[in-house]
Amino acid sequence: MSSFDIFSPTASVSGKFFLEASAGTGKTFTIEQVVLRSLLEGSIEQTKNILVVTFTNAATNELKLRIQASLKQALSLFSQALSHPGTPLPPYISSSETKVKQLYMKIRNSLATLDEMNIFTIHGFCRFTLEQHFPWIQPIQPSSIFSEPQTIQQHILDYLRKNLWDTVLSPKQYAFLSYHHRATTQQTRHLIERLLQDYTSTPNLALSPLSITLQKLKAWVSRYQHLAPLSLEEMQAFSLRFKQSDLSIERELPAFVQQFETNPYSLDMLFFPGMVQKFQEENRNKKKLSAPASPLDPFFQDWIQLAHPFCQKEPIFHTLLKSVQQHLKTHCAQSYSHDESIATLESLLAHNDTVVSQLRKQFQLVLIDEFQDTDKRQWQIFSKLFASPDYSGSLFLIGDPKQSIYEWRNADLPTYLQAKHSFPKEAQLILDTNYRSTPELMQALNHLFSLPTPFLETPQNILYHPLHSKGSAEISYSEFSPIHFFSSEDIQEETLWISKTASYLRSAYSIPFGNMAVLVQDYPQALKLITHSTIPMAYCKEKRIFDRTESPYLLILLLEALLYPENQQKIQAILMSRLFQLSSTEIHQHLKTFSSLFFTLNRHLYHYSLLATFYKLMGENVLSQTIGETLLQTPLGDIIFQELEALCLYLDKTTENPHHKLLHLINILITGKYDEELSFSSQSNDENMIKITTVHSSKGLEYDVVFCSCLNKAKEKTPSVHMREMYVACTRAKKFLFIPFSPIEKRSLSTKKLSALANYANVTKHHSVPHLVETLTSSSPELFSSSFQPPESSLTPDRERLPQQTYFSLPHLPSRTIHSFSSTVENLHFSEPIQELSPSLLFPGGSLTGTLIHKLLESLAGNFAACFEEIFNKAQTLLKNTPLEGYESIIAEKICTVFSTTLPFSSGSFALRNVHPHNIRAEETFLLQEEGELWQGIVDLFFEHKDRFFIIDWKTSFLGDETSCYSPDQLHLYIQRQGLDRQERLYRKAAKRFLHQFNSLLQVEMAFVFIRGLDDKGNGFLQPGR
């Protein structure tokens, strides 16, 4: 393969090329420069004649920004060349004044029309082509009632409700599958949810038809029918020849014996999961190998071949999924998933030369990025369009087989290699200069990946091509070589080593924690590292809103109902969604009520934000509970709630016009283009935080220091996948690469699960990982080093020892006093000891009484409709063995009065028992800054009633014997004397600050309620400032 230099005058960007771009070789930079050079040299006329296809939506956005930046830089350069003729230009450009002016104008025009450039994912390109050239074939369009996911979900529900699965699964298989998808934990999902999420996937593991399985079963029964009736005792004795398994077979053995005797031709004969697991050949007890041969050996060996796939969860699910897909194709005419859109376009292009000719004419430059992740059908489309001799434009296929780690997304290496060898040798190019890693680290990586020969064993072997380094970083490798192996026997020791080494590198090399990464296989491994780490670490993973649930479609339905409340079809659509989950009967019975609700919400949307309207809707009661509660009780309901919040907030920021919000959201779904703001990411930009991420998520990223914990964890993968993931992990590093290994790990040919490092040792003919490490470090100590002890003890005396672990800490801020009313207000009555009973005061006073009654009121929050007996029982429980024991009856009576008495707030009078329990919050803490001072407060009661918000502060103060002692005038004097008017002002300010996050017009009222003196004459209640 020839080296490709985009700036070389002898290099060409006109023609068809296959470009291999190893990690760190500036692939994206090359793409943007190919676009720029093609524009400058005139091989393309306008930006709309450019087609770039890449892997993800995020990559399309990044590419467009990078190309835009490249064009701006070129525009600045040519502008400078016009005013300063001696300005150096790219070597492939003529420096004549006329030429420079023409190119300046072309770059300026290209920038102005950059939005016309076609940058797609493969699925986006297929949808675009189908819409433009085959308009009669469209994906499902959201109807006036259902969005696409809802339409699909309805058909899946019908499929399951009508038991259509019984043509592909046995009843026991379906029951087994349903059980494993019950939504009892965060790790399990309803079967419908998974079918809805995966209905576009390819069911590669689907089982043979039941008719074929039944034929094989009958042949097996005929072969072994002479063994009937089976002896349970012999079966139990036979089972002792095998090791203990996770699933018990105590109940299965008798059932198996009976099934074989009474109805062996039933498919139930194959469904004994515990026996399938138990009687696997690898589970044989080696101590029992000397036992005499048993006729049950061939009996069960043949049975296992039939029963094993029949009892596996994923093959059963894929079988069901395949049947559901066929059902959807029949009942959802012209419905195309991502994968189906590829297959459809491939089929249409095969028989439509006119469209092929139009596409070839439209696109003069085509760049296919991440080509190693392309599958056979995608290549059929691109080869038909642009690899053909009839295509006169330029084509670049850009990829790296060493980084093909997405086999689960149908990435197909044989297709990559087939495409590569369809190009002549002179058109097979390579980027062979690494701009990421230091020269020393690059030399070590070259050595490491040149040892396996070939690098990947495939039908056409893949070789590793060493790279030159132009990494700009300079580093002194005194303590560690560029690649350092460290020994760890468990995750705790590994984490401690990483923590200490990272701290040392930060101190000795001024490398921030934020420029370091730990690569893991999965989240459980990340969690263990975070748990044991002594320095700050964060797990970084990104999920896009549009990849997870149907929340965007739900929001479209909601916006349509909010904008058009007079349209009953749109109202019915949202009422049937998971937000409401109402049946058609319930909708018909309460349609007028719901219409009224959406007319009210329509006004709310125009006066306030979409987010505030969403929150108001979530708090509305429908039948027996709020809409928010209904949503949160559904599978993934909490995630959908968060996504709807994020979408509402994003649309509020984008435009104030409610109609534009709807159009903007629809446009996002159609084009697939959206801001990164609509991604849920835990990516941390904190320089004091080490990032933990998976190998797959790290692709395309780079860090100064990389700890490859992923290479030391055993996983059941093919040697090829292990090697590719190891390559991706190691090539993320710019300066240092650290690899943990187990000192006791040995090669085992019979072991299915290996770590990537153990696989590498196998491939390179080392008998163990320690042997591999010893070989590398002894043969090339300038490239590889190792530690077999913790860092401190492994250092020689003449070397600087690793510093003692320094724990991270936040900078010290000057201390500030936090004020509270319990600490600043002297209440003489509360400081008194327990008082004797007075004739009219039926229970003691003092601070302890206040605390106990507050606790009792807190326990009753949300239950203000409680009767006297219920309050009395609660009081007996809470006041037992306290100074108030014996006063439960009078205290319960007082509290009952508080709940039932009409409270005369300025906005309207009502009793607490009339407040909806879901609108109540008790003992809410806040921190507020007021005039340079920090105030902490605890709101006794915060609630909403009839769209108004209220605060109540309970008072148990003793002001006198009669309720007249608690008249408004007396309470005003008491409030002023105690400074409680300031408390009222601060509490209301804190509450308004909270509410204004959702609606800046919301107001709060506050009142003090004196438990001892409240009556129906207005005593015991005070609303300051009224």
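Using the three backbone atoms N, Cα and C, a Cβ is placed for every residue, glycine included.
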Same-site Mg(2+) binder from HIS771, HIS854, HIS996, given that Swiss-Prot records ASP940, ASP953: HIS854
Residue from HIS854, ASP940, ASP953 whose C-alpha is spatially nearest that of SER22 (ATP binding site), among the binding-site residues: ASP940
Three-state secondary structure, which DSSP defines for THR28 (ATP binding site): helix
Number of Cβ atoms other than its own within 10 Å, given for GLY24 (ATP binding site): 23
By Cα-Cα distance, the member of binding-site residues HIS854, ASP940, ASP953 nearest LYS27 (ATP binding site): ASP940
Within the predicted model, mean pLDDT of the region 'Nuclease activity, interacts with RecD and RecA' (815-1026): 82
Pairwise CA distance, GLY26 (ATP binding site) versus ASP953 (Mg(2+) binding site), rounded so that it is a whole Å: 65
For the Mg(2+) site built from HIS854, ASP940, ASP953, further residues of that chain with CB within 8 A of the site's CB center: LEU857, GLU923, ILE938, VAL939, LEU941, ILE952, TRP954, LYS955
Pairwise Cα distance for HIS854 (Mg(2+) binding site)/GLY24 (ATP binding site) [Å, integer]: 64
Most crowded position, judged by CB atoms within 10 A, among ALA21, ALA23 as binding-site residues: ALA21
Helix, strand or coil at ALA23 (ATP binding site) [DSSP, three-state]: coil
Most Cβ neighbours inside 10 Å, all chains, among the binding-site residues SER22, HIS854: SER22
